[in-house]
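Features as listed in TrEMBL:
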type: DOMAIN; residues: 23-288; note: domain 'NADH:quinone oxidoreductase/Mrp antiporter transmembrane'
type: DOMAIN; residues: 290-342; note: domain 'NADH dehydrogenase subunit 2 C-terminal'
type: SIGNAL; residues: 1-23; note: signal peptide
type: TRANSMEM; residues: 55-75; note: transmembrane segment
type: TRANSMEM; residues: 96-115; note: transmembrane segment
type: TRANSMEM; residues: 153-171; note: transmembrane segment
type: TRANSMEM; residues: 178-196; note: transmembrane segment
type: TRANSMEM; residues: 202-219; note: transmembrane segment
type: TRANSMEM; residues: 240-258; note: transmembrane segment
type: TRANSMEM; residues: 278-300; note: transmembrane segment
type: TRANSMEM; residues: 321-343; note: transmembrane segment
Amino acid sequence: MNPQAKLIFVMSLFLGTTITISSNHWMTAWAGLEINTLAVLPMISKSHHPRAIEAATKYFLVQAAASALVLFSSMTNAWHTGQWDITQLTHPTSSLILTAAISMKLGLVPFHFWFPEVLQGSPLTTGLILSTAIKLPPITLLYMTSHSLNPELLTTMALLSIALGGWMGLNQTQIRKILAFSSISHLGWMAIIIVYNPKLTMLNFLLYSLMTAAVFLTLNSMKVLKLNTLITSWTKSPSLSSIFLLTLLSLAGLPPLTGFLPKWLIIEELTKQDMVPAAMMMSLLSLLGLFFYLRLAYCATITLPPHTTNHMKKWHTNKPVNISIAILTTLSLLLLPISPMIVTYL
């Protein structure tokens, strides 16, 4: 892609995100979401491969439907209450429609069907944007309307997301699809707590973005897309593969890594809200996700490739690790000791 065109798309992405997260009126928030959608579409389809074009088409159709629902929700609320302010979404029908719209934008169950396919058809760098930056404006809208959302509906969708994200990821061999189902599962953890403690949702999203960025950039550095090529990565970059193992375990939420912090705080908050059965179900269902993270970690570090391999090995080059990968990985592993300081801001 032309560097000037790429710069325009990235700047449009920043502009759309900034407009949405800083707006008070529904129309400006909607405009920001549309700018984001239009900025990402060329990034998805830049390879001109049929799978990339298919992914871009699916992404456009789903996001257009979700944006129409956001508009419909805000207009219904304005019709009944006379308010266009985002924080004044008080009509129950409007809040239900908005929950469905934002779930489509994010990829929460039962509106998850598009996300694995779109991620599979996108390059790794675009996949990183789709998994992290693109989800910030919809989550901000949920944060601003959290006081009027339906807790029972969000709890049901969250539990289904964690369950389906774990189950559907078990049988995958494509790493991008595994990370897509991982994202769906993590969104379930964010959705269940947004009504009770919205700041905790934002903390979870921030830490999830750090860990996912570290994973995507590591995979992009190793040029790996499938499990059978991940097996050969140890011989090319053993140090990066070792760090990749720890980042995956952090993404799975194992102590004493950073990924344990949001899960610990969310389970603690759910217990305070007398939602012990939901907390227990989430803890058990997260074991499904742990299985495929361990599978990825096993392929990356523990298995050595056989000598009679059928696919072409790349030339071994000991290039230095990118500084952004080093910073993100450090943050993905070592933030748990400062959790008391983080909790004081919640």
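Numbering starts at 1 and runs along the chain as it is shown here.
Yeah, the Cβs are placed from backbone N, Cα and C, and that goes for glycine too.
Keep in mind that TrEMBL annotations are predicted by a computer and have not been checked by a curator.
When pLDDT values are averaged over the domain 'NADH dehydrogenase subunit 2 C-terminal' (290-342), the model yields 77. The recorded stretches the transmembrane segment (96-115) and the transmembrane segment (178-196) share 3+ CB pairs below 8 A when only pairs 6 or more apart in sequence are counted, and are therefore in contact.
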